[in-house]
Structure formats: C-alpha cells, structure tokens
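These come from TrEMBL:
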TRANSMEM  A:12-33  transmembrane segment
TRANSMEM  A:53-79  transmembrane segment
TRANSMEM  A:91-108  transmembrane segment
TRANSMEM  A:128-148  transmembrane segment
TRANSMEM  A:169-194  transmembrane segment
TRANSMEM  A:206-227  transmembrane segment
TRANSMEM  A:248-267  transmembrane segment
TRANSMEM  A:287-306  transmembrane segment
TRANSMEM  A:318-341  transmembrane segment
TRANSMEM  A:353-373  transmembrane segment
Amino acid sequence: MSVDNAAPKKSFFTPFNLIATMILIAGVVVSVMRFTGGLGAVTNLDQNNPWGIWIGFDLLCGVALAAGGYTTSAACYIFGLKKFHAGVRPAILTAFLGYALVVFALGYDVGRPWRLPYPIFVQQGTTSLLFEVGLCVMLYLTVLFIEFSPAALEWLGMRKIRNIVVKMTLALTIFGVVLSTLHQSSLGALFTIAPSKLHPLWYSQYLPLFFFVSSICAGMSMVIFEGTLSHKPMHHLMDAEYLDNHDGLILGFGKATSIVLFGYFAIKVIGLAYDNNWHYLTTGYGAWFMVEMLGFVALPSFLYAIGVRDRNITLIKWAAGLTVLGIVVNRFNISMVAFNYHLPAALRYFPSWGEITISLFVVTIGVVVFRFITTRMPIFFEHPDYKDEH
Amino acid sequence: MLRRTFLGLLGAAGASAALPKSAKAGGHEFQPHPDTHGVLFDATRCIGCRRCEKACNEVNDLPAPDKPFDDLSVLEQERRTTEKAYTVVNKYAGKGGPVFRKTQCNHCLEPACASACFVRAFKKLPNGAVVYDASVCVGCRYCMVACPFGIPAYEYDEPITPRVMKCTMCAPRLAEGKLPGCVEICPKEALVYGPREELIKVARERIRRFPERYLDHVYGEKEMGGTSWLYISGEPFSNIGLREDLGTKSAPELTAGALAAVPMVVGLWPVVLGGIWAVTQRNAKIANQERVMAVKDALTKAGSEAEKKLADELSKAEVANKRRIEVEVKKAVEEALSAKDDDAENNEEES
Ligand code: SF4
Ligand code: SF4
C-alpha cells in the first residue's frame, strides 16, 4: 500500500509539522546542554529531590499509558474477545513505541546511560525493585517488538518469518501479561521503600497492587483515547474491519474500565482504612487526595457506566480522556506532589523548562514515529495479502 | 527454550535465596555482623566548632567550602550533606541554649541504599561502614530516594562520570587501623568510635548516670532496623533534626512483600491465563460446534422439506394431469357424440 504516493502532495508547513519541528529543535538544544553540562545544567533536581518529571512523567506515566498493549492483546487472544482484534495492532504499536521512548528518556535521566545494561549483565542487584522493573521492561520491550513485527514483515513482504511469528502469538501474549503485571506493580513498589518520604495518603503497602490495577484502566482508556485521536487524521487508512469494530471495542473497553475503576476506588478505600489514615482527609493534602479519588477515579467510572448504558460513544471518550489525565495526576502525586511532603516549601521540587522540553520532545518523537509507521504499515487495516490468516 | 531462560531470569529477580551471602541485604532475617563498629554522638557534648567538618574535608580530599570552616555563621541555616560535604553540623534551639548535631551517613545495619541499588554499588562491610563503588553505578539515584535520612548526594554538574557521594565512615582509614577523621579530631569527645554493642552500653551508662541530662533513648539502636551511628541527647530527637517517625522496620523489610510476590506472579499467572485461554478456546469450540450442528440440522430439515415439496408438486402434477386427461376424454366423447348427431341429421336430410 503506497499510501504516500497516492495521497496528494500536501505542504510541509501544516500546524502540526511546525510545532513538532520547533519542539524537536528545542529538544536537541537541551540534549546538548544535558550531555555536556550534566543534569544540573538543565534540571531542577537537587540532593533532596533526585527524581523529577523525567521519572514521574516519562517513566511512570509512560509505562502506565503504554499498558494498552497487554490489556488489548490479553482481551483478544486470552479472553477470546474477537471484536478487539482490530484494536490489537494499534495498541501493540503504541505500547512498543511507548516503552522504547521510556528507555530513550531514561537515557537523559540516569547519570551514565551507557551503563543501563549493567544491572542485568554486569552485577545484579536482585534485592532492588528497580532491578525488577529494568529486567521486565527489557524483556517486555523485546516481546512487544516481536509482537509488532508481523506488521513490518507484511510491509516488507517476508511471509515465512511473519507466519512463524504469528504462530507464537498466544505464548507472547502470556509472557507479555506476566511481565506487565510485574513491572507495572514494581513501579508502585519502588516507593514502598520510602514510607518516611511519601505522604501517608499515598503511601501504602498495597502500592504495587494500586499501580497494577490502575495500569489496566490506563491501558484501556488510552486505547479508546488514542483511537479517537488517530481516527481523524488516519481515517483514510482504516479498513472496514477496523471501523466496524471500532465502536464495539469502545463499548467493550468502556464497560470493562468502568468496572475496574470502581474496583480501584474500592481497594484504595480499603488501603486507607487498613492504615487508618482517615484523619488526614481533613488536611490540605486530604483535599487534593479527594480531588484525585472523586474527580479522576469515581467520576470517570460513573461516566463510563452511563456512556455504555446509553451507547453514548462521545461520553465514553470523555471518560477515557479523564482517566488518562487521572493516571498522570496519580503518578505525579506519588513521585512529586506527595513525595518529600515533609520538606519546607523552599526545598520542594518543580520541573525546569529544560526538563519539560525534553518530556515534550520525547512525546513528539513518539507521535512522529507513530504517524510514519501507521501511514506505511498495515496497522489500521489488514494487509491485503494476509486477510483472514490469523 | 525461550520460556525457560525467561522464567529463570525472572526467578532471579525475586529469589533472594540465589544471592551470595554477602549481599543478603534483601533477606528479612538479616543478622548484623557480630563485631560491627560504629560511632556514638553525644549532643550534650558537641559545641558546634565544625572541626569534624574540616577533618572530613581533608581526609576525603573534598573541594574547599565556600566559607572557611572556622566561620560559624553558616550554622544559622540548617544544611544537609552534599557531594562536597559528607558531614555537616547544624545548630538547633534547645531548652537551655543552642544544641548542635552532626549529620552524616548513619551506616544502617541493613542499608536502604544497598537494598535499593540495582547494581549492588553499595556494600555493608563487616566493620560497619557502608561503602560505594562508582565503577558500576548507573546514576539512577534510587539510593537517594530510598535513604530515610536523605544522605547520599549526587554530582549533578558532572556530565560524564557523576558519582553518588556520602560518608564512608572513613573505611580506608579504618582499614589502616586509624580512627574516622571526625572522631579523631573532636575536641570534646562528642564522638566515640567502637564496637556497636559497646557503644550502646556506653550510651546506656551515660543515661543512667545523668538521667536529668539525657532522654532515655539511644537513637539509631532500633530506628530503620538499627544504624551503626548512635545518638544520645537531652533534646527530643525531632528537635535536633532526627525524625522520630521512621519506625523500626529496615528498608529490606519494607520491600520484602513486593519482592516475594514476584515468583508467585511468574508461577501462577501463566497457569491462570492459560486456563482462561483454554476455557475461552473451549467455549469458542463449543459455540463453533453448535453452529456447525445448527447448520447441519437446518440443512437436513431443508432437505426433507424439499422432498416433501417435490412429492407434493408431483402429486399435484398428477392430479392436474388426470384432470387434463379427463377433460380430453370428455371432449373426445362429446365430439364423438356430436358427430353421431350430425350423421343422423344428414341421413334425415337425405331421406
Ligand atoms: S544512612 Fe542512608 S546512605 Fe547511609 S547507610 Fe543508611 S540508607 Fe545508606
Ligand atoms: S545511583 Fe548508583 S548507587 Fe544509587 S541506586 Fe543507582 S546505580 Fe545504585
């Protein structure tokens, strides 16, 4: 499908391209500063705040929002919900790009990025939850790459290898879910080592469970949300199967997310009760905690439920957007807002422009690559040579 | 094959049993080294002269400070350890005038930094010191997140070889049989180095002899699972910058639950998911079979119906045929009869 040649030549100077180019240039400038001047030259990190927005957004949110990969493929291949089939490829691609960008972004945050393989190949710190995160992310990135490869192989016309890979789908899906369960929850478990630094309303022994369950909501909402975003610009690439199933997929995931969000709300309340932290609710942090719980968990759960009942796709999409935002709020709260809550305001962290630029830079690269791939490879449509071959 | 290596690697992530003994910071039955050493700090003796800071700076070859060490005006602001200063003395307002307290790495018995580091860059030595090996450090700074005392500092301005910096309890000097720099120089003996068990006894003895001078608590004996540095004071510890809400659980204990869950997930999840898959697969198969049966049924039904229809048609056709014959016969008979009549008429005319 040489969509490129078929499409009429458009001017390069679209608003998207202009903004993207500006961000990319700014990103390169900050990158140079980062790798010549050290972290101190571009970040607001300091001795009290070793982790900032690069961990809070690029790593924690990035991984949670890329959870659409394992949720969608599990729904389709393990739970046998065939209507999700058309959604699998876009979700896997997003997840693969998401994780690749997480690793890319870590290259900025860690002091000696070329040593990132050390924990696995040189000296294993197996008592560290970060080791688990690293190992799982590395393995899962590989799994995602293999899971994504059929699209690329079809594009390249390599039928034999493609068929072998397709046969491994179930095994890969199960690996994927195991690995995702582990590292999604380990990201929460990272903070269990620091009860004295994280505000009690957010600290809990159940943090791993909270992170895992919320990643399911994040993944499914992201699939809905991103399907909506790519619908307009990519519409001409979507085949009938994708389009036919699109609403079914939204309704199905909408219903599931509504239930899982409700469950998440429940386990958060259980966590609160278990640690008997009710009295914190009347404080300033308590008010913010309530905003997170009511506005970004209870409300979207409710909106999803109504949307599914009334088959109101627009409402479901709004609920998805709210949930995605809610995940970002939650991960920001844990890694930045409620972290170091005991320090005086002057010692607290706020991201610098350089840090924000790099985060935008990473997201922009993701969008550009996503567009590049989806306009060329069979993502939103089935390759004509391989119809009905799955 | 893929599955096997995969599971093996994952198992390694969770099984602390596979660890060499020396790195057993993650086990929850950690026993401190029997002759672990430490330092006892007595806040009632410290006069805030900053000589320990100076000695530390010298023995560790740290860069010169912004203000000289005999400038006591820096005490007006609370400071923390940095990559250029492994120890700092702070001034606090006490009941009977200013109280000073020295800060540095507490050399935890089960260090949070060591259990958090994913390349094992930190090690707890038998003599009590927690030391760091920059040659493997990736610079993720999780150790800084983990340390409950906020001690490790990072070389943020170093682009290529940033290190995590903190007090080493002067491990190199200890190895030579010398005292830690700060302990050696302290003019008031506010610092005492020795076997940790002994230090606890000394601390208890001082508290027993001067109950009006000290609070009945040895800070560091239990906090965070115990530290090699111990503190006694006449001021509540939270008033001299030592948090009293840290609890007695060591860092590895805090994360043990999450780590223990790993092998379970690895073991159980594939079984559960495989089971779900088998069920959906079976459901799909049954549904499929049912569909096939339904089609067959429909076909046979359709078949017999068609036969019946054919028979009906045939019989109908027969009836129709019969009727046609009957009609024809009738017609023929009528014609024959009328022909006879005609003949008779003709005959009559002829006669
Ligand atoms: S005080 Fe901090 S840096 Fe020192 S051993 Fe304990 S955890 Fe590690
Ligand atoms: S910054 Fe270095 S020492 Fe600290 S946890 Fe990371 S790798 Fe280990």
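Quick reminder: no glycine exception, Cβ is built from N, Cα and C everywhere.
Within the chain, the transmembrane segment (A:318-341) has long-range Cβ neighbours (under 8 A, six or more residues past its boundaries) at 48-49, 51-53, 55-57, 60-61, 64-65, 188, 191, 194, 197-199, 201-203, 207, 214, 217-218, 221-222, 224-225, 228, 254, 257-258, 261, 285, 288, 292, 295-297, 299-300, 303-304, 307, 347-349.
In this chain, the transmembrane segment (A:206-227) touches the transmembrane segment (A:53-79); three or more CB pairs sit within less than 8 A of each other, excluding pairs fewer than 6 residues apart. Sequence-distant contacts of the transmembrane segment (A:169-194), counting only residues of its own chain at least 6 positions beyond either end whose CB sits under 8 Å from a CB of the stretch, comprise 59-60, 63-64, 67, 69-70, 73-74, 77-78, 129-130, 132-133, 136-137, 139-140, 143-144, 146-147, 203, 205, 207-212, 215, 334-335, 339, 390. Between the transmembrane segment (A:91-108) and the transmembrane segment (A:287-306), fewer than three CB pairs separated by 6 or more residues in sequence fall under 8 Å, so the two stretches do not touch.
Ranked by the number of CB pairs under 8 Å to the transmembrane segment (A:206-227), the listed stretches A:12-33, A:128-148, A:248-267, A:287-306 are led by A:248-267. Long-range Cβ contacts of the transmembrane segment (A:128-148) within its own chain (Cβ-Cβ under 8 Å, at least 6 residues beyond either end) map to 63, 69, 73, 89, 92-93, 95-96, 99-100, 102-103, 116, 119-120, 165, 168-169, 172-173, 175-176, 179-180, 182-183, 186-187, 189-190, 192-193.
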